[in-house]
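The following block contains the structure, expressed as structure tokens.
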Protein chains: 2
Amino acid sequence: MSRQFLAEGLELSGGDRGLVAAVAVVALAALAVGYVLLREVLAAGQGTSKMQDIAKAVQEGAAAYLNRQFRTLGIFVVIVFVLLFMLPAEDTGERIGRSLFFLVGAGFSAVIGYLGMWLSTRANVRVAAAAKESGGREKAMRIAFRTGGVVGMFTVGLGLFGAALVVLVYTGQAPKVLEGFGFGAALLAMFMRVGGGIFTKAADVGADLVGKVEQGIPEDDPRNAATIADNVGDNVGDCAGMAADLFESYAVTLVASLILGTAAFGAKGLLFPLIVPAIGVLTAVIGVYITSARTGENGLTAINRSFYISAVISAVLCTVAAFVFLPSSFGGLDGVSEEIARTPGNPALIAAVAVIIGIVLAGVILWLTGYFTGTEHKPVKEVGRTSLTGAATVILSGISVGFESAVYTALVIGGAVYGAFLLSGTATVALFAVALAGCGLLTTVGVIVAMDTFGPVSDNAQGIAEMSGDVDGEGAQILTELDAVGNTTKAITKGIAIATAVLAATALFGSYRDAINQTLDKLKVNVDDIASFSNLVFSPNVLVGVIIGAAVVFMFSGLAVNAVTRAAGAIVFEVRRQFRENPGIMDGTVKPEYGKVVDICTKDSLRELATPGLLAVLAPIAVGFGLGVGPLAGYLAGAIATGTLMAVFLANSGGAWDNAKKLVEDGNHGGKGSDAHAATVIGDTVGDPFKDTAGPAINPLIKVMNLVSVLIAPAIVGFSVGAGASAGVRYSIAIVAVVIIVAAVVVSKRRGTAIADTPAEATTSA
Amino acid sequence: MSRQFLAEGLELSGGDRGLVAAVAVVALAALAVGYVLLREVLAAGQGTSKMQDIAKAVQEGAAAYLNRQFRTLGIFVVIVFVLLFMLPAEDTGERIGRSLFFLVGAGFSAVIGYLGMWLSTRANVRVAAAAKESGGREKAMRIAFRTGGVVGMFTVGLGLFGAALVVLVYTGQAPKVLEGFGFGAALLAMFMRVGGGIFTKAADVGADLVGKVEQGIPEDDPRNAATIADNVGDNVGDCAGMAADLFESYAVTLVASLILGTAAFGAKGLLFPLIVPAIGVLTAVIGVYITSARTGENGLTAINRSFYISAVISAVLCTVAAFVFLPSSFGGLDGVSEEIARTPGNPALIAAVAVIIGIVLAGVILWLTGYFTGTEHKPVKEVGRTSLTGAATVILSGISVGFESAVYTALVIGGAVYGAFLLSGTATVALFAVALAGCGLLTTVGVIVAMDTFGPVSDNAQGIAEMSGDVDGEGAQILTELDAVGNTTKAITKGIAIATAVLAATALFGSYRDAINQTLDKLKVNVDDIASFSNLVFSPNVLVGVIIGAAVVFMFSGLAVNAVTRAAGAIVFEVRRQFRENPGIMDGTVKPEYGKVVDICTKDSLRELATPGLLAVLAPIAVGFGLGVGPLAGYLAGAIATGTLMAVFLANSGGAWDNAKKLVEDGNHGGKGSDAHAATVIGDTVGDPFKDTAGPAINPLIKVMNLVSVLIAPAIVGFSVGAGASAGVRYSIAIVAVVIIVAAVVVSKRRGTAIADTPAEATTSA
């Protein structure tokens, strides 16, 4: 069995250190560009005082939620910090570094999320105001996209700065410390994704069920007590959650590349994965600045053009970088094992092709997701047409679109992994190539974050315009158009996010193997001593691991969907109560208590995120300590495979339903108010928790589970090899993990399905 | 690496041969009991001439469909027969035997399916007639359940007879020949499942969309031209398809046990897996005969009681058999390798516990599925209550129920596999233990088939009663009650079917390993020469295999759902045409042309089954020859894991929606005609292709893919080891497979979504 270890004693030359420092400077420059963009956005006009009042309510609600969320998560972060400190480590420096940078990763994730929320709650009103001005279309689009640009710049800037810092300070021990950094980023992002996702969709679904369905008032009507909560939700879910998520993807992919890089490319392996995203920073700046819609051009076309231009520039520059920084033979690499030095092939060529694979993958997924969720293509048109035969056919056709697009996306991602893997016959280099393909994807993250943030900002802008009634005519038309563009960009970025997740997870899968092999080597145990270790893939216990991994993805999705319906039920209850107890609300003479609904959303989301969060962290611990390292490998494989398909299925079926509704609202098949419209509203409501809660949360889920596995692998192997007492400890840990999971699930089941509990009240009040 | 090979030169002693012959006699006795029951069912009264006319139309339609289906599949079977003949084999005898018994397996599957259809189309009218008589409840239930008993007896009889025959004739080569037998059974069952599933749900959904939704006429109204097709569908899908499917589960599990048995237990390994199902035959007879509802007792309670009683008897008898037939140490086994002979542990105890694990698994799944899909438990009640907040919440809560129940079912099945695996430290014995757990499940198949057939027979009886108008009052009440019981038994049997699929697939997974190791040994190749063979589970290419395996399950499900909506669209079109062109139909003065709708269903189902069928057979060929044996192992693992979850999710969410609708129809939440009812009708329509087309077809899909892999494994290894030209052949095969799959998908996409194409016509005619 071939084994490659991390170069623990690795030293960087002076020139190399200078290069890493230069990368850190580029990262800081990205932050500076972000600040310049931020000033530009804030300088724009804020519209009428009514619009500002609404914006203020949204700002306060969103800030209140995030502050409370951070306080709750703070406790969890401290617990994990302590546990992390207790896990086996090489020396105290590594132990401290790992725990410390766990905090840094979590902190950065939180900062990005908070910034995304803070800015988008300020940009929304400015976009709405800009739409009223002359040349409003260009101005509004510019503000919305540059808001995204700010978040994009901070995402890549903080991610790259953190990684460069770790490499500068820890050099040879950097990979271990980076595990902590990536874990912190992924863990916080997952909680923000789940919590924000539940908040936004509970408010959205709850608002629609009472407003649109029961009372027949339009979306974003100010008489609906849940409208402010709905707008708050867009910001804490789509902005804060997604920004933290993409930051986490960025950080974890970098971490995986740096872990695998030293084993494959020696010192250069610590450098090249930093150079590629540094190039991405430059092209992201270009991408953000060149985005402006030409007259009469669809906003999406302009955004796509920027994406493709910056992707091509990235590909060219990365290829040049590969041939400049890397030698043309493995023998020319410093600090690699003899086996690697003897590997045939050209490292520069392998690296360049791997990065290009990643960039091309981003482009293909952009196109594929656009095809399956865009209003101008066949799939969404067909879903729209099925609205004529009722809601059941809308649901079925949307599910078919979701299944189909998931298959193609998974095959494309699988193809990219396989392509990168084929670049070298040596497993270690092949794994690094997969990680480098991930780095290639990263070069597009700046623009992707900008695209994503564009969605909720324009959605909110339309909401504020509608609620205030101060934007009409052409201005309203512009905002509707931007909102539709935002729907598609949101779907696309989800596709890219899951692609980065799979590449990062595959690379981490390799790190997991390294962690096991290293530990076995240190313990001086022959690999074959671990029962059936060499025969893993065929063993029924590994297959059981694969089944459990797939099951956890289903469980997590089910919990997320359930949390939304339950929280939405509470909103329905509250909005109905306000309508009933205060008839003035319906007449428009009394303002509803928006704050109460925001409070309920806040409380419920935070309560609901505990169970899926615990499941993500504890399930790999239960499988690893309970069944062993082989089944845990199977578990990760099952979770990655099913997670990929489920995430894309949920995101794209939801996206297709959303845009099918838009199609009908644009006057097709009977238009607004028709039976066909009612059918697509049902589809859209089903799609809400799919695409904005369960689907996107699977992405950080996969990485959290992989990182937990990498971190606990040495401990599992240690316990497995040790006899007697250590077996007791091992199984005790597994049992405790299972007990906590079961308790969490039982507690959340106890809450019942609130939506189901409210009707008794409904029938008496109706 | 430990390797165990099949005992090629194995001989059975005279006593052992006698025992196998006795098993064959038991199998024939089962057929005789089936015949007795058959006579009893046919002897019952057939009701009024109007009822008989309707029954006749259903009989003719069903027979016409199956005949045409067999003609179509005949071509396919001949092609596979030839291909199978070309695959590597030990000698000509094995080659001929494998191909010949492929035909026998396919033929038995077809016979079981045909019988199921033939009898149920005759039993339905007799059940309806019996309901009118005094003591009708007991009589009707008795006829319905004994009809199932006939099919159950033929299923276990033919399965056991086929397997015993192969063992008697081929002894040492039996495992190889059995691969052909199992493959034939699984392949034909898969096609019957898919084709029948599309037929039944296209007719059902199409009938509902025009009848209930557009014209507002009740279900099974004779004015609806699709009603006869709907009843035909119940018989070709739920009866013929499910009977063939359960026969296939039975045969394949036996095959897997016999393949693994010789390696683990020597000659006894060929005997014990035959003795366990022989015991199952006896207990099934008891189960069928003791089933009768006590006065005032729910039909389901009576059926469940029979199941549990026969399960307990099976467990006791199998334990006795294990201790009588098997020695108490591995050294006492004849014809095993030295390594096995040295294995610690008691084979008799291991075998007994393994079989009991399987029987307990059946009981747990029976309970679990009943809990999640029964009207009297919390999950369905909650889905029913969400109907008060509209269709969207019904869909979301049903999906949550589906996800959740899939997780628990998968974990229970995974736990059973793991439990059986833990029984021995030796991989070969552990795998055999998993297969024996499958045999334990098999002992319940007789009763399970009876339970399953009960469903469509009572559904049809109600349909005939409704259409003829000749059964009313108490008789109608009895039939409604039996129909509800049938809904639950149908859901339960799907749970058991997927459990047998997972156990059989896990065992076949072991056979796949054996096939590879054997070939490597014959070719005198060191295992480690195959690149990264020993490191399979951690390799990115294996992970890609897992992703592809999971993707194929999604693809297959999507294709099946799409096929139903497409075929249903054609039905909608035709029924509308008849209503439009012949106004007399609506007045009740003219009989609609039922036959035309049956023809469309027949034509469309047969056309639609090609793509999913080709995908199932060719995908493992493409992965195996294209990516290698490691990724193919990953592929199988991914398909088994995702397939398990997806199958249960689809079956149980569909079951929950169906019964939630029943709950509302029973007068809850507003009852028939209320908004809540409309919401549950939407849920039920979405659930139709889930639970009766896509979900159950995954079960044979998993096994077909596993058997294809086992069969092609030697050829892949041969090509991989050979150089130059053989690599060309290998990749050419993969490319041809991919091209055919892509072409099939493109052709089926070209057909578009017929449901989406009809509305243009709809708007003009409405």
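Note that Cβ sites are derived from N, Cα and C of the backbone, with glycine treated the same way.
Since we're looking at a predicted model, the values are computed, not measured.
Sharing the record's features from TrEMBL:
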TRANSMEM  B:20-38  transmembrane segment
TRANSMEM  B:70-88  transmembrane segment
TRANSMEM  B:100-119  transmembrane segment
TRANSMEM  B:177-194  transmembrane segment
TRANSMEM  B:250-268  transmembrane segment
TRANSMEM  B:274-295  transmembrane segment
TRANSMEM  B:307-328  transmembrane segment
TRANSMEM  B:348-371  transmembrane segment
TRANSMEM  B:430-451  transmembrane segment
SITE      B:LYS490  site 'Determinant of potassium independence'
TRANSMEM  B:542-564  transmembrane segment
TRANSMEM  B:633-652  transmembrane segment
TRANSMEM  B:704-723  transmembrane segment
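Describe the structural context of these features.
Beyond the ends of the transmembrane segment (B:20-38), by six or more residues, the same chain brings 12, 119, 146, 149-154, 156-161, 164-165, 167-168, 270-271, 274-275, 278, 281-282, 284-285, 288, 446 to within a C-beta distance below 8 angstroms of the stretch.
Non-local neighbours of the transmembrane segment (B:177-194) in the same chain are 69, 73, 76-77, 80, 84, 94, 97-110, 113, 159, 162-163, 166, 169-170, 240-242, 244-245, 247-248, 251-252, 254-256, 258-259, 511, 560, 608-609, 612-613, 616-617, 693, 696-697, 699-701, 703-704, 707-708, 710-711; each lies 6+ residues outside the stretch with a CB under 8 Å from one of its CB atoms.
Below 8 angstroms of C-beta separation, residues 4-7, 10-13, 16, 105, 108-109, 155-156, 159-160, 162-163, 167, 172, 174-175, 178-179, 181-182, 185-186, 274, 277, 325-327, 333-337, 340, 347, 351, 426, 428-429, 431-432, 435-436, 438-439, 441-442, 445, 500, 503-504, 507-508, 510-511, 514, 703, 707 of the same chain, each at least six residues beyond the ends of the transmembrane segment (B:250-268), sit close to that stretch.
Panel annotation: around the transmembrane segment (B:307-328), residues 265, 268, 271-272, 275-276, 279-280, 282-284, 286-287, 290, 346-349, 351-352, 355-356, 359-360, 362-363, 366, 440, 443-444, 446-448, 451 of the same chain, lying at least six beyond its termini, place a Cβ under 8 Å from a Cβ of the stretch.
Taking Cβ pairs closer than 8 Å, the transmembrane segment (B:430-451) reaches residues 30, 145-146, 148-149, 151-153, 155-156, 242-243, 246, 249-250, 253-254, 256-257, 260-261, 263-265, 269, 272-273, 276-277, 279-281, 283-285, 287-288, 291, 303, 306-307, 310-311, 314-315, 318, 350-351, 353-359, 361-362, 416-417, 419-424, 489, 492-493, 496-497, 499-500, 503-504, 506-507, 510 in its own chain, all 6 or more past its ends.
Sequence-distant neighbours of B:LYS490 (site 'Determinant of potassium independence') (same chain, six or more apart, CB under 8 Å from its CB) are B:ASP238, B:ASP452, B:GLY455, B:PRO456, B:GLY655, listed in sequence order.
For the transmembrane segment (B:542-564), same-chain residues at least 6 beyond its ends with a Cβ under 8 Å from one of its own Cβ atoms are 194, 197-198, 201-202, 205, 536, 605, 608-609, 611-612, 615-616, 619, 623, 627, 630-643, 646, 650, 688-690, 693-695, 697-698, 701, 705, 745, 748, 753.
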Out of B:70-88, B:348-371, B:704-723, which stretch touches the transmembrane segment (B:633-652) the most, going by CB pairs under 8 Å?
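Going through each listed stretch, the top one turns out to be B:704-723.
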The transmembrane segment (B:704-723) vs the transmembrane segment (B:100-119): three or more C-beta pairs under 8 Å (separation of 6 or more)?
no
